[in-house]
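What follows is a short report on a single structure.
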Amino acid sequence: MAGILAWFWNERFWLPHNVTWADLKNTEEATFPQAEDLYLAFPLAFCMLMVRLIFERFVAKPCAIALNIQANGPQTAQPNAILEKVFTAITKHPDEKRLEGLSKQLDWDVRSIQRWFRQRRNQEKPSTLKRFCESMWKFSYGLYIFTYGIRFLKKTPWLWNTKHCWYNYPYQPLTPDLHYYYILELSFYWSLMFSQFTDIKRKDFGVMFLHHLVAILLITFSYVNNMARVGTLILCLHDSADALLEAAKMANYAKFQKICDLLFVMFAMVFITTRLGVFPLWVLNTTLFESWEIVGPYPSWWVFNLLLLVIQGLNCFWSYLIVKIACKAISKGKVSKDDRSDIESSSDEEDSEPPGKNPHTATTTNGTSGTNGYLLTGACAVDD
């Protein structure tokens with residue numbers, strides 16, 4: 001084990017040339033990031049999950065009820081032991097041959113069986129109340145952490161001149177505000193990693209899992225090798241649009257369509273501007289070029305920038321979805337349901353109607369329309 005740890009913490013991988021871990025030990029004059037600091041994120045992530053449960057029950061739920069958002073879920077399927085066995089043990093999406101066999105066995109017409117399976121799939125979806133509570137929690141956290149990040153960064157020199165991220169690197173002392181910012185962000189992403197298996201399932205579950213994983217790796221990497229200054233810029237930039245998105249979703253669940261549309265437009269403008277404009281021209285410019293000029297490359301520098309490029313790829317993917325929704329909104333006159341939205345399963349297609357069903361009778365899930373979500377940390381993320 002000692003040999004494995006020595007290999008993993010090889011100074012020639014993590015640190016620039018002629019720098020050792022001994023050089024970054026805490027002294028009375030200065031405090032530097034230590035890898036063991038990151039262990040604090042695990043109990044804090046658990047505490048954050050507990051705070052979320054309390055917040056959703058005693059704050060978000062009363063707010064939802066005050067806005068007349070009910071806990072009623074989709075229509076319940078008629079109890080049927082044979083169909084339930086097929087649904088749970090064989091398939092949730094029976095093909096035409098199986099539908100005909102069930103029709104003969106139960107003496108039901110095929111349309112009725114299709115309707116039963118659709119209602120049974122919808123039965124597993126969370127209610128609008130649950131969706132609202134989840135969005136309100138993410139909105140509250142996103143608004144707080146973005147506000148904190150702005151208040152912290154406006155006092156730092158590297159916000160105004162990114163070359164200060166690399167001057168005297170890696171001998172840059174760790175301040176209490178920076179330490180708090182990093183540990184809180186890391187704890188939040190770990191809490192998302194734990195909770196995403198119980199939260200509302202969406203079509204891009206795999207993409208969001210990748211986003212959370214890359215975000216955790218980036219935060220960890222940048223903290224361990226003391227790239228925390230540029231890390232704060234990345235975190236704050238990616239937090240900028242999250243609160244707007246969750247606010248738009250809450251407005252949608254409360255059926256305030258005009259407010260939802262306005263917030264979505266604001267979110268789209270901020271997201272695309274920051275992720276496709278500011279991030280590559282400001283952040284990637286300093287991590288790729290200014291750092292090369294002032295510090296020079298070393299192995300973990302390459303890994304760090306590779307992870308940033310993965311994040312940028314995800315930003316491009318989500319921006320494509322946002323533009324796609326904007327195009328639909330122009331043609332329909334309002335913001336329609338987001339492609340990445342609150343569809344509860346990565347393979348779920350229950351919103352599609354069975355063959356022969358009149359499309360004019362179709363309704364949006366849970367009786368809502370509008371922007372039902374998109375992404376991160378959101379990348380959050382680190383979504384993001």
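In case you wondered, yes, glycine gets a Cβ from its N, Cα and C as well.
Taken verbatim from TrEMBL:
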TRANSMEM  38-55  transmembrane segment
DOMAIN    83-127  domain 'Homeobox'
TRANSMEM  179-198  transmembrane segment
TRANSMEM  205-224  transmembrane segment
TRANSMEM  260-282  transmembrane segment
TRANSMEM  302-323  transmembrane segment
REGION    338-374  region 'Disordered'
COMPBIAS  361-374  compositional bias 'Low complexity'
Original post:
Tally of helix, strand and coil residues over the domain 'Homeobox' (83-127) according to DSSP?
Top reply: 32 helix, 0 strand, 13 coil
Subject >> Local confidence of the domain 'Homeobox' (83-127) - pLDDT mean >> reply: 87
**OP:** Test the contact criterion for the transmembrane segment (260-282) and the transmembrane segment (179-198): 3 or more CB pairs under 8 Å, pairs 6 or more apart in sequence, then answer yes or no.
**Re:** no
Original post:
Same-chain Cβ contacts of the transmembrane segment (179-198) under 8 Å, 6 or more residues past its ends?
Top reply: 33, 37-38, 40-42, 44-49, 52, 141, 145, 148-149, 152, 205, 208-209, 212-213, 215-216, 219-220, 223, 228, 231-232, 235, 377, 380-383
